[in-house]
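Visitor: Quick one: structure below, then a few questions.
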Amino acid sequence: MKFTTKLYASIGFILLLISISVVILMNMLEQSIVKMNVVVNELYERIDIASEIKYETANIGREFREATADPENGNNREALNAWEESNLKIKQGIESLKELDTQEKSLDLMEQYTTLHDSYQDMVQQVMVWQKMDGKVDSQAVMVDEIKLTRNRMLQTAQLLLGLQEQEMKNELLRSRDTYNWAVTSIYIYLAISLSLGIGLIIWIIRSMTKNLNKVTTVMNSAGNSNGNDLPRIEIVSNDEIGSIAAAFNAMVSELEAHSKLEKHLLEEAEEHGWLKTKIAEIATMYPEAKDIQMLGESFISKLVPIVDASFGVFYLKSENEAQPYLKRIAAYAFSNQFKASEGFYIGEGLVGQCALEKQAILLTQVPEDYISIRSGTGEGSPRNIIILPVQLEGEVLAVIEIASFHAFTSSQVKLLEEINSTLGMAINSMLNHMRAERLLQESQALTEELQVQSEELQLQQEELRTTNEKLEEQYTASEQKKKELEKVREALEEKAQQLEISSQYKSEFLANMSHELRTPLNSLLILARILSENEEGNLSKKQEEYTRTIYTSGNDLLLLINDILDLAKIESGKLEVISKEVDLYDVQDYLSKQFSPIASQKDIQFNVQLEPNVSNYLYTDEQCLKQILKNLLSNAFKFTESGSVSLQVRKVRTEYIEKQMPVSTQAEYMLAFSVIDTGIGVPTEKQRVIFDAFKQADGTTSRKYGGTGLGLSISREMASVLGGFIELTSEVGKGSNFTLYLPILQSSEILEANSYIEEAAAGLEYEDYSLNEKSEVDDEGSRINEEGKSSLKHKKVLIVDDDIRNVYALTIALEKYEMDIIVAENGREGIEMLQGNPDTDIVLMDIMMPEMDGFEAMRRIRQLPKYQTLPIIALTAKAMKQSREECLDAGATDYISKPIDIDQLFSLMHVWLYRKEG
Amino acid sequence: MKNTIIQDQGSVQVQEIERIEIELLLEAIYRYYGYDFRNYAQSFLQRRILHRVRNENLKSVSALQEKLLRNPEIMKRLFSDLSINVTEMFRDPAFFQSFRKNIVPFVKDYPDIRIWHVGCSTGEEVYSMAILLHEEGIYEKAKIWATDINPKTLEQAKKGTFSLANMQLYTKNYMEAGGIRAFSEYYKVVGEQVVFHPFLQKNIMFAEHNLVTDSSFNEFDIIICRNVLIYFNKSLQNDVHQLFYESLSLSGFIGLGKREGIRFTSHGNCYEEIDSTEKLYRKYK
């Protein structure tokens, strides 16, 4: 039976029971209502009628008395009428009661009452008639009593009747109560039965339903716990919904089982795939670590063999042996000496060769036991399964792998081996390519290095050749020259001998002329100036007189200067004639005393000349020079001394006692010291060196105050050195100075040697004070220019392009010292014009900041001219900025130097760029 | 046909004999004079030795060996044949420019910078380096050890005096190398010679050092070894690289010649490239 049917049936049944019970209850209620109606309507009416009968019965008695009591009066009539009416009512009552009450007892009583009533009426009629006839009642007293008695009996009967009716009512009430009680009881019973029936039915249905459901649940639970295979089935017992659930479940379980089987299968496949991939990746990661094919093979085979649970492996690489493709063993796993023979195979040789030939894997199972044996410390065994695989790339076999295992190879292992083979093919290929490239690179590296070596060697050889060449040439020219020179010297000697006289004559003539030519006009100038200044005619104003005096003194100064310059020129050009002879020092003393005593007395200064006792009277030297030096020193002393004393002391000292580092070495044991000591203004320490330089005085203002050319000390120093001595100065500002002239006490022969040494010393170059940014101002300008340097710049044409005339002037002065030919342009445009006018220009000094055309533009223009593309152009840059330098180079400058220009640096630079130009 | 084959064989034999003779000569030099040229590049040795053989008017290498063992003058001559002193100031200017750009910023903040200039020859490149460091403001804290195998060239290097003849080229090189002042500020011409400012020598120590026989003597931040290793064979090159590796501080720099390289040497993987064309490398492991 189906669930729906069961549910419909049980619920329908319960509804039926309920409706039956409702019908019964309704029925009972109707019955009880009918009974109540009977009780209320019928019985009550019967009681009412019976009580009216009784009431009327009582009435007729009273009315009869009234009617009879006074027959004459009116009331009598009325009473009679009432009486008549009551009688009627009694009759009617009895009639209706008879209809209603059918009980025998009541009928009997009513019969009795009717009889009594009839009799009562008859008697009353008689009485009435009597009364009317006689008018008296008393006569009828017996009759009246009789009436009375009947009436009482009637009353009694009515009373019984009423009682009977009431009794009836009471019975009826009892009866309806019984009916009610029965109805209640029967309802209870009925309810109990239907309730128990309903409950039973429900229990039965629920139980029958849950039992099946539990069964299904249990099976389902067990299915959930089971692992997906062999799921339990539900036995289908019923045809109902549970049955169909069970059927559906069974179907589902079958599906599940099939699905899980499939899933398991897929999982296994995925696992295998994953394993493959990991292993492949594991091996692939090893490829890049390999440095060469050997290493690749080794690490590959040692990794691969354990992965496939094998115990032996060999890696053969295809190479060439005697121009034949040959599979060479390059790596092995668990290798042992017994395989020594199998160092390699030719294609087609053995199984390995065959495999390479066929390009297909060869799988051997169940090989004989003694085929190969693998040993370990504890024993040995023979792998029974061998696989030989070709490693290919694009159809070409690159290598062959042989692997042996104790176990049979599983399909996944075989698959792994195949998969790995393809990646290995690529790895081998790229490795081979890489090695090839590496080898080529190394070769090319070696070749470039070799090239460098050879180029350097060549350079060296070239250098060597050049040097040898130069030497040879030099030697050749030297010998040629020597020959010529010898010839020349011989000729020259002859000529010299002739010319000597003439030239010395010329020289002295020239000097004499020179001094004459200069002095003559100057003298006339001086004389005229003096005459004018005397103003004898008195026609000059005081001012004009002053002017002419100035002309005179200035001219005098000029004259002195010219003399000094001539002296200095003579000394520097070596034209000073030194005529050494015995000089009487007392003569010198006399001469000086005569010269300076007047000045001393004029200036009120003490003056004396002392010769110490140990000084010999004579000195071998040039008298003129000695006198001039001492004169210069003394006039200096007087010039700078306002008061106090000036003295000249002459003493003899041992050479070694002289403190000062000797500028020249002398072989003389003793020296004569001429000390000129004054009490004048003195010379500051830092100026003590400078004052010996030409045109230098201790203070720029000194010359204005004291006059003089500043050449005196220079001349003195030069002369002293020509005489083989020197001048030393010790001085203190404000206290005075001590100029000491040292002269060697020499034999006549020694003087010549000393002179030659001086020349050598002068030729050497002082290079100690060299510092990068400081300009050595102290250096004597003259000593910088050495003869060699001079020669490489000599007669070179330099173009200075600069608008700053001070700069041009300074450069010109400096360059003229080197005897360079200088041409000047004031701006770029002029510079180019000048250059075109002077195609033999050797070097250009180009200022950058100029009006009209600046240095950049000028250089660019010059470089555009094919002729001047290699002409050295030195840019003079004002700014020490890298950028402007680069701009210079871009514009075509060869080098640059920054302003203010260090002359030394400029000369070095010019030497560099004028090198080779001399040929 | 036959003749040429015989001739070929003959020349092969001559070559073989020459090879043996050279080996013996080198062995003899090593044992007698202590100079080890045995691992110099074969072709170079061959050329230089044959050059000497010719210049001495000899017939064979063996003859040279005989003379050389008895006459130290000839050894001196061969020695100078074998020490090639081709150098320039700011040689390969791009190298110095790259040095300025790529290495100076690294070492600028070092408290002191130790530089080993290997194979300094007559010193041109050492002075160039000093000028560069001076211009970068780090010369004061730099110390340059300039070494060479040849005492003669070292003597020359110590003078700091070079021929005027090459100065035009040097000036160009200086400019191309990124010089930031005037090159003429550093020198002074004295006759045919150019004297470099003495301050440039202040932090340079010239010393004799033989790469083949001498070992590491300090740890350096920078090693400059340009066009020295090209004269060596592979195995000696690797030995010298081992020496350099030991002498270089971690993350120290090494500069090689324009045509050299570090990649194919034994320590190629210990250096990272700073400038591949100018061959500047940095040690990193």
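Even glycines carry a Cβ here, placed using N, Cα and C.
Bear in mind that the values here come from a model prediction, so they are computed numbers and not experimental data.
Straight from TrEMBL, here's the annotation block:
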| type | residues | note |
| --- | --- | --- |
| COILED | A:437-503 | coiled coil |
| DOMAIN | A:207-261 | domain 'HAMP' |
| DOMAIN | A:513-747 | domain 'Histidine kinase' |
| DOMAIN | A:797-914 | domain 'Response regulatory' |
| MOD_RES | A:D847 | 4-aspartylphosphate |
| TRANSMEM | A:6-26 | transmembrane segment |
| TRANSMEM | A:179-206 | transmembrane segment |
Visitor: Are there residues of the same chain, six or more positions away from A:D847 (4-aspartylphosphate), whose CB falls under 8 angstroms from its CB, and which are they?
Guide: A:V801, A:D802, A:D803, A:D804, A:N807, A:G855, A:L876
Visitor: Who are the chain neighbours of the transmembrane segment (A:6-26) in space, where the CB to CB distance is under 8 Å and they lie at least 6 residues beyond its ends?
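Guide: For the transmembrane segment (A:6-26), the far contacts come to 183, 186-187, 190-191, 194, 197-198, 201-202, 205, 208.
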Visitor: Sort the residues of the domain 'Response regulatory' (A:797-914) into helix, strand and coil with DSSP and give the three counts.
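Guide: Summed by class, the stretch gives 57 helix, 24 strand, 37 coil.
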Visitor: Please work out the helix, strand and coil residue numbers for the domain 'HAMP' (A:207-261) from the DSSP assignment.
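Guide: When I sort the residues of the domain 'HAMP' (A:207-261) into the three classes, I find 40 helix, 0 strand, 15 coil.
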Visitor: Need one number: mean pLDDT over the domain 'HAMP' (A:207-261).
Guide: 79
